């Protein structure tokens, strides 16, 4: 490691469902953050580790910032807002096909209270014409003093190399925090639980996903069989939600298990035996005790 090695923390913030986790996964070249078309899919701060020649950038994928309702939502917003004060650069992610709205104004007011430099990252540029993009850049630039403005498409990677180049000058000289072969600070159990929750988020209707949490109960490695045995519990808030997730004759839970198992196998690089259970914990998202038990502290 050279004396001028650069390392720093970069927070990715924005409204729910603007592509923050998709961007992090694209930067890392591997999926560590779950995605779905449901807002507030991300609940915890997830650290993604990107190495480049002469440096290391540590990306913090945060929950979508919104006006919170309830204890779980307050926890998620606190995670995102807290990240802005603990980093060297903030990437404010917005959508190219959506004009600034109340949610964006809410975030900009929060960003005004921090001394951290902010870079505007405009996602989904493949969905708009260049003239519309320029107008949007002008509109945002009138609202806030952004240090950089970078248009990207997180889905296909357009503009992502330019984004990485743009943020490098904002990283201070510092130590290499993590080994080069490490992609995240989260343990495998956390990623596995998130992958199961993602399948529920994608398969279920609007109401159910927000009352779902997943906890890995057992994670047993059997190297002699090239196998990992995993048992996980899906926590829901209503008996009716449990019935939907289990499905008629158990068909839905089998589908969820198969989809999750295949993704976990790709992530772990080994065969997986996955067993899923569903448990009703009434109004768990409003219980401080249950939030702590499920990892939302």
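The backbone N, Cα and C atoms fix where each Cβ goes, and this holds for glycine too.
TrEMBL does not curate its annotations; it predicts them automatically.
For residue 125 (GTP binding site), the Cβ neighbour count at a 10 Å cut-off comes to 21, with all displayed protein chains included. DSSP assigns residue 125 (GTP binding site) to a helix. Taken from TrEMBL, the feature GTP binding site covers 14-21, 61-65, 123-126.
According to TrEMBL, the domain 'Era-type G' annotation covers 6-173.
Summarising the annotation, TrEMBL assigns domain 'KH type-2' to 204-282.
Taken from TrEMBL, the feature region 'G1' covers 14-21.
If you look up TrEMBL, you'll see 40-44 marked as region 'G2'.
Positions annotated as region 'G3' by TrEMBL: 61-64.
What TrEMBL records for 123-126 is region 'G4'. Through the fold, the region 'G4' (123-126) approaches residues 18-19, 23, 93-97, 133, 151-156, 158-159 of its own chain, all at least 6 residues removed from its boundaries and within a Cβ separation under 8 Å.
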Secondary structure composition of the domain 'KH type-2' (204-282) [DSSP: H/G/I, E/B, coil]: 36 helix, 30 strand, 13 coil
Fewest Cβ neighbours within 10 Å, where candidates are the binding-site residues 17, 62: 17
